[in-house]
Amino acid sequence: MLKLKTQVVLTSFSKSLKHVSVFILALFLTRYFSPHDYGTYLQVMLVANMAIYLSVFGIPSSIYYFLPRTGEKKKMMKNTILLLCSIAVVVSIGVYFLSEFIATNFNNLELVDYGWLMAVFILLQIPIKLYEPFMITTNNVPKFVMVNASFNFGFLLAVLIPVLLGWNLFEVLLTLFWFFAAQFAAIFLVVFWVYFKLKDEPEEEPYSMKEQFQYSAPIGFAGAINELGIVIDKIIVSGFFNPAQLAIYTRGAMEIPMLNVIANSLGNILMPRFVEEYKKNNIAEVVRLWHSGIRMMATFIYPAFVFFVITAGHLIPFLFTEKYIESVIIFQVYTIVLLTRITSYDAIARAVGQTKVLMKVSLMAVALNIALTIGLVSWIGIIGAPLATVIVTFIVRGSHLWIITKLIDISIADVFPWRSLGKLFAASLVAAVPLIPILNTDLSHFPMLAACGVVFAVSYLLVFRKTGALTDSELKSIRSALPKKLRWVI
């Protein structure tokens with residue numbers, strides 16, 4: 001079995017390729033498409049992705065919990081596959097017949113013409129959501145990484161090549177349809193290859209679909225609400241503004257590739273360790289693992305936040321052209337959320353089997369997000385959307401921390417390694433001071449970003465070494481993940 005740090009690196013790398021691909025596509029789509037066509041592309045993908053995440057009901061996540069425990073492994077996976085395929089059929093048909101309603105409320109009647117494509121995207125994508133948890137739980141991380149990385153790269157090519165050839169939006173989306181069909185077929189070949197190697201273990205717990213659904217439903221509902229919370233700002237912006245303005249908003253309200261993926265991957269991979277230690281009533285070890293992951297994430301997240309915010313005025317127009325200069329302030333506000341991306345907040349609740357509480361927090365979050373976003377957008381315009389997202393995110397993360405204190409009986413002072421986080425954030429701020437004179441020069445975007453990047457990196461590493469924020473074992477883990485020639489910098 002691969003070491004924990006190796007699994008984190010491999011799965012994070014594989015999954016981050018999808019985010020990097022989306023980011024690279026944005027660089028080209030903002031240049032080759034008009035803001036209106038790019039906004040339409042975003043709406044098609046928004047509808048498809050939202051339908052997918054709202055409808056899987058936590059079933060893929062249940063594999064992490066039940067497959068290692070149940071003795072009837074093949075029966076469980078067969079039922080899971082059939083259930084996801086059935087959901088895919090129902091949801092895709094529903095989206096197709098609702099395409100006119102969606103188009104009207106998104107201020108874009110062109111979406112009616114793309115209704116069948118949105119439906120097929122959903123049909124092909126829902127069933128393969130079981131791929132990651134199934135492969136990780138069966139200790140097939142290398143195979144997961146290889147196949148997943150290949151298709152993440154394939155997604156990039158499936159959109160990028162037609163765009164560079166000058167094809168129109170419909171032709172680009174049609175190419176994406178054929179790509180999703182090939183992905184579906186290949187992933188299920190791998191899934192069935194692993195499935196037929198599964199061995200039932202009669203001495204383990206019997207499988208119960210009822211128990212699986214009872215476990216999945218709260219996670220799924222919470223996950224669906226969380227996903228809705230993530231995209232609700234874009235849905236509301238689509239309802240208030242035209243597709244071109246959505247494009248400008250989206251390029252500001254964007255996730256930074258890699259960073260969020262690493263946090264989620266770390267949470268998923270640590271979850272079996274949390275389960276194991278919790279069953280032993282070893283709460284101290286659960287907290288130690290939790291704190292260690294947080295400290296290592298914050299080491300990279302906090303300086304990234306500071307750098308992106310202070311250089312946004314050059315970063316956004318460099319990436320997406322001057323057409324998207326209005327995205328700068330949106331990006332600066334939205335990036336504040338990055339401060340919370342230092343862990344997977346629901347990992348401990350899932351590990352101890354207390355998933356219903358996640359649903360309550362998620363319901364509160366989405367209701368608050370909808371109310372705040374609509375209210376602030378109506379009051380101060382499009383900038384109200386990222387501001388609402390930031391406010392709600394901090395409230396929700398705080399609620400998750402309070403829940404963790406109750407689940408494992410620790411104080412709020414012990415739930416996070418606060419002192420270490422304070423040192424890392426202070427180090428990031430201090431490292432930014434040398435950038436002030438550089439930002440006051442007349443350098444163009446690329447030279448400015450290059451100069452600031454080099455100076456900030458050197459400054460942060462020098463200050464970081466003095467903080468003592470990480471333990472020796474954590475420093476060793478980070479060094480081992482780096483190329484040998486770069487290990488000296490940490």
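Just so you know, glycine gets a Cβ as well, placed from its N, Cα and C.
The model shown is predicted, which means the values in this text are computed figures rather than measured ones.
As recorded in TrEMBL:
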TRANSMEM  16-34  transmembrane segment
TRANSMEM  46-67  transmembrane segment
TRANSMEM  79-99  transmembrane segment
TRANSMEM  111-128  transmembrane segment
TRANSMEM  149-170  transmembrane segment
TRANSMEM  176-196  transmembrane segment
TRANSMEM  300-321  transmembrane segment
TRANSMEM  327-349  transmembrane segment
TRANSMEM  361-382  transmembrane segment
TRANSMEM  388-408  transmembrane segment
TRANSMEM  420-439  transmembrane segment
TRANSMEM  445-464  transmembrane segment
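Within its own chain, the transmembrane segment (176-196) is flanked in space by residues 74, 77-78, 81, 117, 120-121, 124-125, 127-128, 130-131, 134-135, 138, 140, 143, 147, 151, 154-155, 158-159, which lie at least six positions past its ends and keep a Cβ under 8 Å from the stretch. Same-chain neighbours of the transmembrane segment (420-439): 291, 294-295, 298-299, 302-303, 305-307, 310-311, 339, 342, 448, 451-452, 455-456, 459-460, 462-464, 466-470, counting only residues six or more beyond its ends whose CB sits under 8 Å from a CB of the stretch. Same-chain residues lying 6+ beyond the ends of the transmembrane segment (79-99) with a Cβ under 8 Å from its Cβ atoms: 47-48, 51-52, 55-57, 59-60, 62-63, 111-112, 114-116, 118-120, 122-127, 129-130, 191, 207, 209, 212. By the count of Cβ pairs under 8 Å, the stretch nearest in packing to the transmembrane segment (327-349) among 46-67, 111-128, 300-321, 388-408, 445-464 is 300-321. Only residues 6 or more beyond the boundaries of the transmembrane segment (361-382), in the same chain, are considered here, and those with a CB under 8 A from a CB of the stretch are 221-226, 228-229, 232-233, 236-237, 240-241, 245, 248-249, 330, 388-389, 391-392, 395-396, 399-400, 403. Tallying C-beta pairs under 8 angstroms between the transmembrane segment (149-170) and each of 16-34, 46-67, 300-321 places 16-34 first. A Cβ distance under 8 Å defines the sequence-distant neighbours of the transmembrane segment (46-67), meaning residues of its chain 6+ beyond its ends; these are 73, 76-77, 80, 83-84, 87, 91-92, 95, 102, 111, 118, 121-122, 125-126, 129-130, 132-134, 136-138, 207, 211-213, 215-224, 227-228, 231, 234-235, 238, 268, 271-272, 275, 350, 353, 355.
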